[in-house]
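As written in TrEMBL, here are the features:
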ACT_SITE  Lys94  active site, schiff-base intermediate with acetaldehyde
ACT_SITE  Lys130  active site, proton donor/acceptor
Amino acid sequence: VAAGFPSGQTPLETKLAEIKLAVEYGAREIDIVISRSLVLPGQWEGLYEEIRQCREACGEAHMKTILATGELGSLANVYKASMIAMMAGSDFIKTSTGKEVENATFPVGVVMMRAIREFYWQTGNKVGFKPAGGIRTAKEAITWLMLVKEELGVEWLTPELFRLGASSLLEDIEKQIFYHVTGSYALQHDLAMA
């Protein structure tokens, strides 16, 4: 991560310096966080320019743009920020850092996926989607997979176009696999990762 993670509220010059340093150190993917201070008053051209400069600083590295959707004020702002991030060259758009009060929600995900679909129809460019934060169960992960399949199609169900940001999901997956294999629920000491 670079560009003032998790707040995204550092000056643009600092964001660009962080990105360039991360790429210099060998990063092949960069996560940036947009400035909500540009979204809330509707400074869309400023948001575009900031993301475009971050994309340029990434060079060959892929760039995931984190929208911090829980802090954007409306689904209309989520849609506009999604479109601007893609127009500015983002390879992925991501719901949140996982540090916000509200993280990945299904309504926000649908809005972002529909923006991705519209962008694809208009340009022919496929942009990836990453819901992040608050995804804790295998059932939630499956719901996200189904949503992506229904909204964007099966071709988006690859690591190049869809990822889950779910650091706390592993424990539930372990529990589900243990139950599937043994027929009983695991005790804490039965799970290596949990």
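Glycine is no exception: its Cβ is also placed from the backbone N, Cα and C atoms.
Please treat TrEMBL annotations as automatic predictions, because they have not gone through curation.
Listed in sequence order, Asp31, Lys64, Thr65, Ile66, Leu67, Phe129, Lys130, Pro131, Ala132, Gly165 are the same-chain residues six or more apart from the residue listed as 'active site, schiff-base intermediate with acetaldehyde' with CB atoms under 8 A from its CB. The number of other Cβ atoms within 10 Å of the Cβ belonging to Lys130 (active site, proton donor/acceptor), over all protein chains shown, comes to 23.
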